[in-house]
Amino acid sequence: MAKQGKNKVSKPRKPPTLKQKLKKESKVVKAKDLQWKLVDIPDNLGDYEGFYGLEEIDGVDVQIVNGKAEFIVRDNGKVENKSKKEETNENGENNMDVEDNETPEVEDEKPTEQEEEEEEEEEEEEEEEEEEEEEEFAGFEDDENNQEDANTSERVSNNDKDDKLAESNDELNAVSFANLDLPLPDDNEINLPNWQEGDLGSSISAYTLYGLSQLDFKKPTPIQKETIPIALSGKDVIGKATTGSGKTLAYGIPILEKYIQSLNLIKQNNKDKKINHPTGIIFAPTRELAHQVVDHLNKLAKYSPLSTRGIVSITGGLSIQKQQRLLRHGPGIIVATPGRMLELVQGDSELAKRLASIDIIVLDEADRLLQDGHFDEFEKILELFGKNRPKSKSIEWKWQTLVFSATFSRDLFRKLDRHQKGKSSSLMGNDEIVQLLNEKLKFKDKKPTLVDANPKEIVSGQITEALVECGPTERDLYLYYFLLMYKGSTLVFANSIDSVKRLVPLLNNLNIPAFSIHSSMIQKQRLRALEKFKEASQKNEVAVLVASDVAARGLDIPNIDHVVHYHLPRSADVYIHRSGRTARAGKEGVSVMFCSPQEASGPLRKLRRLVAGNSNKESRLNMHNDVKLLPIEMDLVSQIKPRVEISSKLADASISSTATRKEDSWVKQAAEDLGLDDLSGLEDFEDDIIKKQRKRKEGKMLSKDETKALKYELKTLLANPIKKNTRKSYITSGLQNLAHQMVTGAHHDDVLGHEKVNALSDLKGSKNKNKKIEKKRISKKK
């Protein structure tokens, strides 16, 4: 029995857990023994708010024991010994055996049986305690062999991961050279005679031409034809063209060609296989425009050596950490808004040095970027790039600058409702434009090349402008009339966010799919609203996007048939860019203004003088004789008026109830934070204006029964069709033969007895349809 007691069978020794490993590998050190590092403060941060000599440390845990802080670090002594052994093995020193036999002797000594039993008992006790605390980890410790295999496989996989990460970092720094040896497209697949002629064809690579052919861009626009050869020669360019004229490709193609040239140089010089800086940075005034530019350039660069990671957008409203990772990957082209780019560059001096080596800087919609208040951030970015730009033979002393916009005029930015002293001109001379931009941008060339593709146009000649005269309270009525009569996708602009929020439920109540986009929405909400609008415009005959001026600049929303100015814009440049959302890529479109009598006498007259007059004021410039009045059929307006009134009441009630609910919840939350229970006397401290606003909102609110009754009444009205001529007793009587229209499919879907109408054809001044019908009818009788 005694022998059996001595020779007791011990449990198989379990591998140490993660907690045990960390406990063995960690040690407590004093604060002064830690390896502190000085914080590198960028030069552009000045005195860093008075903080000097800051130090930091990584990989240290802090534990509070009996009120004192203990600093815990991993013991890296074993790692250092291994590195020393590797060095001695490589050098082949004679005393290698002595060193090897000295240090491991203590570790390799076999412990006695008693020590082994004591260690095993201690480890078993620790493991039992840990199993009670962390039951979820018990399943990994069932089989010793499996655990050892898992540990070895983990080591191998970790080593493989490290190798793969190192390889991927090399690839990312070189902007993914997997496509460097991409074969050139076959010339037979490229059939673009208009792109391949003259200086333009000799300067564009086969990759870009193939991309243009796949996108079905068969002919360059005037601004593209004139600016691309100049930009490819390395000169600074100022491009002026109307909205929708293809300015994105006018600067996108030169940047892409410059990138391809850099790759060819790398292919020739095998010594240097890294592109440490982006080829170009494109600055856009709005986030939506920046994302749109990235989308357009990705479609073109899809068939070129530029990888999918090669073009990135850096804008506000999205994760800054993700954008920092994207910039570490070394993109070839960056599209950014000035605010977010300045934030990233100021906080990272290495990034500022890398980006300062760029070849091309582009200002898209430059008139907005150079306005007072908008240029400060961009000016700081240029200053940082100038300070950090390296002096090297391979990098030019100054980057190339490309500037594009539809408008260059101080007068266009002035408020239309303000009195202007003296007579103002709508356009600036070419010398004035160059001088103004040179003062702010400091071009590389002494005199940059200015290309004016449309010297006699501000609003595109493809846009037909129209006017609807209405009272201030009748805008909803005439907006519904326009959307009801003229099918298609419509973009409605309002001057205030409150108006945008009110119009969407008003139109939805009238069975018109409407979506909103404004500056109070976060970036993801804006992009989601744009996607929903695009889907609705493809599915339905009518789709409406109600927007503030955040959507006025640069956005290329496909197939916009009409632009409606629910409010007259505050300045002429806003009107130009709003109207430019339609009639893009050579198509035609309609721009309609709703104007009250008060606006017609002042702001409208100033707007027409700025937009339609040239600098000499001798003739019209926008190729339109005057703004045409939209034809309105008052008998139809009177029939739809009850619908709009009910829908307006429902929309106002929903908005008022939502606003009141938010205010009440905010007041209650503030009272809870302050520890107040009784809020009965709070109204005595409210301002008179706030009281009036609250009473106005409460007056618009409806009860549940009232809301149900109004919705039922509106549903009944929408079910009854509108009639062209209510006095007709038979469908074949009158000037319009309803039976014939229904058979031929020419009848209006929402108005009985009315033909299908098109806003563009109605405004172009075709012959009177009623007169034609009367003549045909008279000739038939004869």
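Sequential numbering from 1, following the chain as shown.
Any Cβ shown, glycine's included, is placed from N, Cα and C.
Swiss-Prot lists ALA241, THR242, THR243, GLY244, SER245, GLY246, LYS247, THR248 with the feature ATP binding site. Listed in sequence order, the residues of the same chain lying 6 or more apart from LYS247 (ATP binding site) and placing their CB within less than 8 Å of its CB are ILE223, GLY239, ALA241, ASP364, PHE404.
As annotated by Swiss-Prot, compositional bias 'Basic and acidic residues' applies to 71-88.
For 96-147, the entry in Swiss-Prot reads compositional bias 'Acidic residues'.
The domain 'Helicase C-terminal' annotation in Swiss-Prot covers 478-635 and is backed by sequence analysis.
Feature annotation from Swiss-Prot assigns region 'Disordered' to 1-24 (among others).
Residues or ranges marked as region 'Disordered' in Swiss-Prot: 71-164 (among others).
Annotated region 'Disordered' per Swiss-Prot: 762-782 (among others), in sequence order.
For the motif 'Q motif' (197-225), the predicted model reports an average pLDDT of 87. The feature motif 'Q motif' is assigned by Swiss-Prot to 197-225.
Annotation source Swiss-Prot lists motif 'DEAD box' at 364-367.
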*asked:* Using a 10 Å cut-off on CB atoms, tell me which of the binding-site residues GLY244, GLY246 is the least crowded.
replied: GLY246
*asked:* Using DSSP, what is the helix/strand/coil residue split across the motif 'DEAD box' (364-367)?
replied: 2 helix, 1 strand, 1 coil
*asked:* For a quick check of packing: other C-beta atoms within 10 Å of the C-beta of THR243 (ATP binding site), how many?
replied: 27
